[in-house]
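In what follows, a structure is listed as structure tokens, so that the remarks can point back to it.
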């Protein structure tokens, strides 16, 4: 495995692989790798000749009062983990290498960035789209891998790929779950024993809403059932629960083909997110 | 020569050429081809295995009161002219083909779009960058060709290519001039005989300013000399004359490497634009 830190070195690698007609899988990360990242890398490994993982804590997606400086970094450990997952090239540039100029051009994520998790992070998704656009151009991947856990991020990147015709396939890797259905998260360790027993109700609620919507097409009713389930089974507080067209994140209409059902719930003081994406026409 | 109107047909062509490791030159146009476009096509022909010309009147770069509907179109004549200039593939999509969705994501051109010609066309350059970004992803050119006449457009696209790491080389093709130095333009026919005799003073003024700036590095003084020349030699009215860092279009500093000197002048009622781009360190 190679670790490259400059655009010049990365470009030389990419051009050599392209010349040999190799397929390239890209796994963009901010490092401090956990099981979720490694699942993405292993999926990319199985589907491509070359796997490139970017490790870059992108300053433009952090707000002025957010934790850019203190965000955890551990390149030596990441290097070891990435190698074990079959990554061929790590691209770990400095901030100066990624942003040597600023000509003032920005990608604006639009309305769908201001709902769900974006409501509390203005500008966050603009920064995400900026760095993802740069990485797509630098790596020129055949396929790019993202985790479904960050559903809004996935929806926005899918929208950008579709509306700006990026020549790549976006692969959304499903959420990894505990045996009882709770979505895996580094935050789950903050739950006490009673909270941990309540937490699977979140995924149960999503499944109820999904089944209800597929049966009768009534989004409001589906959400009501899911919220009632969380109220009955937990002491939690719902931050949001939405059923939206995917990837546009607009209200569901008769023409909607894919749906995102997403929620954030406080169980005690721990905020847990979960979601599912499904085809409207798949039935039950 | 092939004329393709769908993204699917274009993509099949591009993938075949890429598989054969051919270099691709892209000439983006809005059609109704004139000598300037053909110069771009011929330059692309000389430098690439394949030449793709896009012909698309892009609605997103027209303001609500501008002439999108009445903009001239003549695909049969364009096809003939493009073939004579050595174009291999014309990509002439419909508006529906280019914009089947709208997920709300936009490229914002920033401050440098609000000066020079952009001052009177808010949002124009956002639309230009949007369609150029899409064309770059669809055609994946090795080199893309733009005319220097539209200097602000060239500067903004160059900035986007640089700051977002598009994997292509941008080629800026010099302004074609009449024997007396007047920049060729379809608007020159509107000049009466006396105006036509005055018009070369615009390019003379740019040369004076360029030489003055290269001699003493004083932008303000250089512009003053140029404006004085236009005042002395014409009855024209200067819309703007600016000397700015290229491609950022910010004020010139001690670190500036390339400079854009651009002007728009009304000669009678005809608005003529002209410019030159030069390296600060090239001397005289």
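Backbone N, Cα and C define each Cβ position, glycine as well.
Features as listed in TrEMBL:
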ACT_SITE  A:37  active site, proton donor
BINDING   A:30-37, A:147-150, A:176, A:184-187  ATP binding site
BINDING   A:61  beta-alanine binding site
BINDING   A:61, A:153  (R)-pantoate binding site
Can you give me the same-chain residues 6 or more apart in sequence from residue A:61 (beta-alanine binding site) with a CB-CB distance under 8 Å? A:123, A:124, A:125, A:126, A:127, A:128, A:130, A:131
Site of maximum Cβ density within 10 Å, from binding-site residues A:30, A:33, A:176: A:33
If you tally other C-beta atoms within 10 angstroms for each of the binding-site residues A:153, A:186, the top scorer is A:153
Here the Cα-Cα span from residue A:36 (ATP binding site) to residue A:153 ((R)-pantoate binding site), rounded to a whole number of angstrom, reaches 15
List, in sequence order, the same-chain residues at least six positions removed whose CB sits under 8 Å from that of residue A:37 (active site, proton donor)? A:27, A:29, A:53, A:81, A:147
Nonlocal residues around residue A:148 (ATP binding site), in sequence order (Cβ under 8 Å, 6 or more apart): A:154, A:172, A:173, A:174, A:175, A:275, A:277
Specify the count of other C-beta atoms within 10 Å of the C-beta of residue A:36 (ATP binding site). 20
Under DSSP, is residue A:33 (ATP binding site) part of a helix or a strand, or is it coil? coil
